[in-house]
């Protein structure tokens, strides 16, 4: 479009220049004609009239030409103005486009920078993930190898175990066939006498549940006692107060029966307490062994009889209250609702007693209830408890409305209001207690139904309560027998000391050799100490002997020569006796000692020990001590050499392990360097790709800038040309 506009403008400019040239030539021609006409006028004055006519015609022509030029100038001015406006619009549009392109370029650059950062982060993350995965793959390969080895070992062990179990099975079958006279698990009667496996966790759970049920029953019992007591008080004061007037015989009988409520309600708590105490950790608790459940069922039956006994009086009392003059229509409606609620409450208690009595049958008459119906009985008990809870909620609602209506009665006293409040609180506590025990029973229904299969191994049921009682007696005997077999364990090593010893054993490279060396060293030290002890004892004996000799020398200085002669004679006589009397050698104790001067054999005779023999004994003992000392040194040197040899072996093993670890580490280092080089190559390739993309984008931006500069230059040239045209037009 710009090129087309420029071409149009150039064509118009060319046409205008051509027209201007034509006009200029025509003006020149007209001027030449004017000059010629003037010269001719001077020469030929006669033709003045004709020239005047010509001049008028020329003027008219000039006027027409001027008019045309003026119109053309106007048209040119209009075109110039339009071109200038179009140029300004184009310039503004191009400037906006330039700004948009610059913003786009900045955004593209920001996107490129963010992408480079993102890609570098992803490259680093991928490198880290790759290294982690390589490490994980190596560990998994090692684990796979270990698993293969373990599977092979397990297969071998499985084969060995199958062979061993097959042999043991054959042996046990042969023993059973030979030794076992009959199998008691085939008969339910005999199997019921077998003691089942003891499940302590189950017993503790059941005792905990029984404790919770006991607390709920105690709460219900207190609420029932309060309800019946305050109902008796209410009968005494409304609709006729017994303090001011005599009440009807019906209400008197009703209050008399209500006064006996504790006799029927208290046994419920006692029966539940007995049932809780019968469930201990050592017993086997199933329906066949819970004998105390029968007593609780009987107490519930007596309370049900009490409810049946007071129900007609209670209904008649409500009807009598409706017939009184103080009773309004709304109060009558509430009384009739309570009338229906009391009937429903007695009916639901009858239903509950029926199911509880069914649960008590297995402990007394097992044929009365099949084992397959136990779960159904438990679910019906839960449903009955929830139904009683709903009925009690209705009773509390209706009685609260009745109490608010009775407050509006003109003869209502403060005693009546407080009694109604007490009855309402007792009904609310009774509702809460029944709701708690209903939710408790429904929450633990799965436990109750699943625990019914707990019995003797291989048996489906207990046949009779007698067999269950016998089983419990056998269980007590078995427990007593196990207690007699149980012996107190010997004192073991403390845990901290055992851990310390284990660390010591694990720290030593060769535990057995090290311990043997330690034992040998300790024995050598003991031998050395004993030898030193003997040496010092010999030294002490020598010192004593020397002291005695010195004393003898001082005393017998005169008879020294005689003693020497006697000693020589005794020595010669001893030598002769040693050569002749060979039979006495076996009776005497020979002492052999090796020293640097040879081997000496000396016989010790306690009867005759002259001074020469004592001196030779001392010399022999000295050399023996010296020999023992040398042998101890030799043994010490041997033990040290053994210790050093063990240390050298341990160091050699450590060195071999270190070399192996070094080789593995070098291999891992090579792999790591290879992975690093590979990652560097990948990084270089990614960098190059990013650089190529950046260079392409920069080239694109440069080309866009060049096009913008060209457009600017064209605009400037258009401006210049338009300005030049305008100047020319002005000059023209």
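Glycine is no exception: its Cβ is also placed from the backbone N, Cα and C atoms.
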Tell me which of 648-682, 683-717 corresponds to the coiled coil entry in TrEMBL.
648-682
With the ranges 459-511, 512-564 to choose from, which does TrEMBL describe as coiled coil?
512-564
Can you identify, from 11-34, 35-58, the stretch that TrEMBL calls region 'Disordered'?
35-58
